[in-house]
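Each remark here refers to the structure printed beneath this line.
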Amino acid sequence: MKRRPWALGAVVAVVFLFLYAPIAWLAIASFNSSRSLSRISGFSLQWYEELADDSRVFGSLRLSLQLALSSAVIATVIGTLAAFGLRRAFPGRGLWTVLLSLPLVVPEVVMGVAMLGFFVKLAGVPLGFGALLFAHVAFSLSFVVVVVRSRVSGMDARMEEAAADLGASPFVVFRTVTLPLVAPAVVAGAAFAFLLSFDDVVISSYLTGVGSTTLPVFVYAQASKRGISPEIVALSTLMVTATALLLIIGVVVASWRARRAGSTAKLAG
Amino acid sequence: MTGFSPAEASTPDTFAPVEIGLHGVRKRFSDQVAVDGISLNVHEGEFFSVLGPSGCGKTTVLRMIAGFVDPDEGRIELDGNDMVGVPPYRRDVNTVFQSYALFPHMSVWDNVAYGLKRKKVRGAELEKRVGEHLELVRLAQFAKRRPAQLSGGQQQRVAIARALAAGPRLLLLDEPLGALDAKLRKELQIELMRIQREVGTTFLYVTHDQEEALVLSHRIAVMNAGKIEQVGYPEDVYERPATRFVAGFIGTSNILDAEVSGVDGGFVALTAPGAVNLRAKFAGGVSRGRKVAATVRPEKVHLFDEAAEPPTGWCVLRGVVQDVVYTGVSTQFVVGTPGGELVAFVQNAQRIDDAGAPGQPVRMAWDPEFTVLLESSDG
Ligand SMILES: Nc1ncnc2c1ncn2[C@@H]1O[C@H](COP(=O)(O)OP(=O)(O)OP(=O)(O)O)[C@@H](O)[C@H]1O
Ligand SMILES: [Mg+2]
């Protein structure tokens, strides 16, 4: 067979173009001096300046960050405990495992309806931060459990036995051996939960209250009400940049940790 | 399973009183009995091996002593105190796992220090003791490395240093060399012996490798199907196997079905097809007409052609050479006899060349001292 390295390269280029052209366009348009999105007329920071003056943007950003942080912490704690709980054999473990990953496949629109019905209408949690927090913990929990569980179940139980054998009480075993070994997965689960919460539109849109709108919901509402304004484009560019930075930091930290451990396989596996 | 020789070797006087004692220990898992009523005494300072085929329950015995598994019945005593129910972290027993189970997120130094830290050893004393144990296994220069940066043999040494540094009364080793290649195994066997003699800690060593057990141990317990078949010095279990299983599992044995025809002096006279003057040392428990199995080790058997005459008083068995296998140090002759195929190992230093060709009639002969009587297979 004839090898055509350029063909492969072309495919990759097309894929990247397809993925990143819209984002690149977004960034370029945000610095455009005209209001038009289809004609680039010059460089300007005016949309960013207008954004900086908009107090609603900061309100939403603060709410989104608070929400993402607190729901990630709560989901990570509960999810990690659940992942350890699923390690032991108990009646119905298989069913529990399936049930825990169900939210991963239920359509978000349905999840949103369910959350609104249960937390707000039935349990009486007020719309806004409270309802959002419950809902975000509920839907990001599954992701944390799945990520942490894969690490926990892949862990060699002999390692913990060795620690106990050397005189470590169950708590010390957990602190010195179990936790450090599952830590990468816990961190990954937490980051995942944070991003899920920070990105969510569909479920959150059911639960936002007056004056308490998350950033993605705010963007979506603005865009659907008034069309895509340059301020929204600038805001979107900022959000993409922040997310990309987080991702890059994550990758750098992970590879640094792996190098320090002396083996990528040991930590990733 | 009573043989004709005592199943338990007499207590060695060179060792101090019993350190670990198992009394009637039994463990069943849902579908099978893994350990079926075991009693054992290991003495202080001893290198004691438990030898048996895969699945015979060796690991389960160790895990019960370490405290990871509770026996269903019986007592496990350390220095006279019953250990059953005491959690692993309160037992003065440490384990070297077959899979090493080193902590991948800690350096070699921290791995070795782990047990000492749990005992609240700190500061200069900690430094000193970790350093000593790294020296003991000759890994001082690797202290800063992670386990993943070491070879299999080096990891195994770290596992040994880690378990020993905690200062156990008893060290349990579960096939610690099982994952290593043959050459490295040999090297580490010698290391292990040196380390054990140096620190003087009691070692309870599990292996399925009979040669390893013979080389390393002060005493050996041979296990089969959850039971102990024989306990003794290496030369006991090799030269005087107590059961057919031991005779077959350790080394190669020639087994002849025979019948007791009388007791003559210190010897039992036996009859077997094709055998002349077949005798074994008298050890009690035999009566005329009893069916027995007479065994002899292949290296005890000498081959004589028609021209030569075996020494008087030796057991002689006629046969025909069927196969000759040259193995370097010795040559292995497979001889067809009326009692079945038997094997003789002849040291190549004294090999008689013309005794060698297949098809040649030979006489197999050995000193009756070396005949060991075991219970007959059919009863
Ligand atoms: N946790 C367990 N649950 C059920 N059965 C078990 C368990 N552990 C061991 N067994 C069974 O008990 C028997 C003895 O096992 P054990 O691991 O003690 O054997 P072993 O002599 O160490 O074998 P090997 O040389 O292969 O390591 C085996 O048949 C095994 O299948
Ligand atoms: Mg085993």
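Even glycines carry a Cβ here, placed using N, Cα and C.
Residues annotated as domain 'ABC transmembrane type-1' in TrEMBL: A:61-250. The feature transmembrane segment is assigned by TrEMBL to A:7-28, A:63-86, A:98-120, A:126-148, A:169-195, A:201-220, A:232-256.
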| task | With the transmembrane segment (A:201-220) as the reference, find which of A:7-28, A:126-148, A:169-195 contributes the most Cβ pairs under 8 Å. | result | A:126-148
| query | Can you name the far-off residues of the same chain, 6+ from the ends of the transmembrane segment (A:169-195), with a Cβ under 8 Å from a Cβ of it? | reply | 68-69, 71-73, 75-76, 79-80, 140-141, 143-145, 147-148, 150-152, 155, 159-160, 163, 243, 246, 250, 254, 257, 267
| So which of A:98-120, A:126-148, A:232-256 has the most C-beta pairs under 8 Å when paired with the transmembrane segment (A:7-28)? | A:232-256
| Which residues, given as numbers and ranges, are at least 6 beyond the ends of the transmembrane segment (A:126-148) yet have a Cβ under 8 Å from it? | 63, 66-68, 70-72, 74-76, 78-80, 82-83, 86, 100-104, 111-112, 115-116, 119-120, 182, 185-186, 188-190, 192-193, 196-197, 200, 203-204, 206-212, 214
